Ligand code: SAH
Ligand code: SF4
Ligand code: F3S
């Protein structure tokens, strides 16, 4: 917030406190629109950590008798942000609902990574128009990565008058005030800070899972891969203090959690911005390894910052599971260069070989983009050959989508869309064949599974994941959910494994 905005806020607060009745007219409804250009600027100023988040007394009862619903799109980071927003709303007296008709507040937590992700969100916003007409008291809010984009905000302001509130990824802790404004104001309430380097530590949190939890270790991304919008929507890289992360993991352990996933856009850059200590992801994992929680995962790794110390620590095993998600994006050095990934195919393969040597049973997964501007058939084939060479367990594959404001969006592109679609289909065929082959190796093996819940296809069947992140289906009583069991694999399929429970895990 700049000085002027702070002043407006203070004036508002003073007017409210002095007992002004109709204070809605004083709310400045547009604080700051987003700017991708601003977002690109990386300041040298220190990251401030705030431990003093609190919901103002006068807002703690605003939600009594009211319900909220949060729709979440995008990555785990967004899922976790939604848990924070739900925590804030519950501390304001709201209850959660899954029924849009029943909701007094609907928040759409959006993802900007590809055009189709954005189209889904606009579809959803469109659907809510009727609901708003039937229930004018409903507050509809748009937050998350799309609200950091000028073009999206302009489109909402022009075409979607049913939206009452727009706030950005740096403004989540401001939800109480923003929502209060939206409830009283007749105009759209908007607050999107384009660049903000702060960390808010103690926001309330309503976690969705009771035995699996996300733990943020860092925010933002400074890598600026040329196709990617994330560095603009999430701000600069900033790491949480190790002691805060470790305390959170200890707290989760005390509360019976079985698995945590450490989150960041580029977790391997963890600690680089901590100026007073030399402490990286390897050090953090080594400390978390000593905590008595059964499983620790982390995502997402950038190949460039994956160092030997981290490999050494991961090789110690224990609660550090054998699954490495290592996005490669392309097998062609020329494409990698134009993506500004800053590693080569050879250095990637060499890194993977070092990891495999240290952790022989590790499963490898990756992300791949096909149809990057001007990608040639030969370059695409280099991606196919890399996938064959790496023998990935599974891959997330995407067609390149131009994102406004990124350098790649300004590149010429001579690859027709059907060629891109055809390349994606060829890649997916190879990826699926490899997954099926990898899964076959599990046939007859006994694996440890964390039971996650009922299978989506058959409620009689439970499903869970191995340490290597393979999905396993098996029959077992429902009370096994949330426990670790040993399962003997009896059938390997392309995307999952079937098996029979041998013993609950830990019972030898
Ligand atoms: N921070 C993570 C990636 C987050 S986005 C990392 O660097 O690995 C997840 C994946 O979406 C990326 O790995 C990439 O494969 C894909 N992606 C990102 N931008 C994209 C775009 N403009 N078009 C298509 N896919 C994209
Ligand atoms: Fe995007 Fe690259 Fe950052 Fe990943 S590392 S979030 S792909 S810019
Ligand atoms: Fe999407 Fe933002 Fe995550 S763009 S992938 S929700 S960081």
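Cβ atoms here come from the backbone N, Cα and C positions, even for glycine.
Automated prediction, rather than curation, is the source of TrEMBL annotations.
For reference, TrEMBL has these:
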type	residues	note
DOMAIN	66-184	domain 'MTTase N-terminal'
BINDING	75, 111, 145	[4Fe-4S] cluster 1 binding site
DOMAIN	207-437	domain 'Radical SAM core'
BINDING	221, 225, 228	[4Fe-4S] cluster 2 binding site
DOMAIN	440-503	domain 'TRAM'
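Projection of TrEMBL feature records onto the structure.
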| residue | record | CB count, 10 Å |
| --- | --- | --- |
| 75 | [4Fe-4S] cluster 1 binding site | 17 |
| 111 | [4Fe-4S] cluster 1 binding site | 21 |
| 145 | [4Fe-4S] cluster 1 binding site | 28 |
| 221 | [4Fe-4S] cluster 2 binding site | 22 |
| 225 | [4Fe-4S] cluster 2 binding site | 22 |
| 228 | [4Fe-4S] cluster 2 binding site | 22 |
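Residues from the binding-site residues list (75, 111, 221, 225, 228) with a C-beta closer than 6 Å to any atom of ligand 2: 221, 225, 228. Cα of residue 225 ([4Fe-4S] cluster 2 binding site) to Cα of residue 145 ([4Fe-4S] cluster 1 binding site): a distance of 17 Å. The two recorded residues, residue 145 ([4Fe-4S] cluster 1 binding site) and residue 228 ([4Fe-4S] cluster 2 binding site), have Cα atoms 12 Å apart. Of the recorded residues, residue 228 ([4Fe-4S] cluster 2 binding site) and residue 111 ([4Fe-4S] cluster 1 binding site) place their C-alpha atoms 12 Å from one another.
Proximity to ligand 3 (Cβ under 6 Å from any of its atoms) holds for these binding-site residues out of 75, 111, 145, 221: 75, 111, 145. Calculated from their C-alpha atoms, the gap between residue 221 ([4Fe-4S] cluster 2 binding site) and residue 111 ([4Fe-4S] cluster 1 binding site) amounts to 15 Å. Checking the binding-site residues 111, 145, 228 against ligand 1, the ones whose Cβ sits under 6 Å from it are 228. Annotated [4Fe-4S] cluster 2 site 221, 225, 228; additional same-chain residues within 8 Å of its Cβ mean position, judged by their own Cβ, are 223, 224, 227, 229, 230, 231, 265, 266. Classification of residue 145 ([4Fe-4S] cluster 1 binding site) by DSSP places it within a helix. A Cβ within 8 Å of the Cβ centre of 75, 111, 145, the residues given for [4Fe-4S] cluster 1, is found for these other residues of the same chain: 73, 74, 77, 78, 110, 112, 113, 117, 144, 230, 233.
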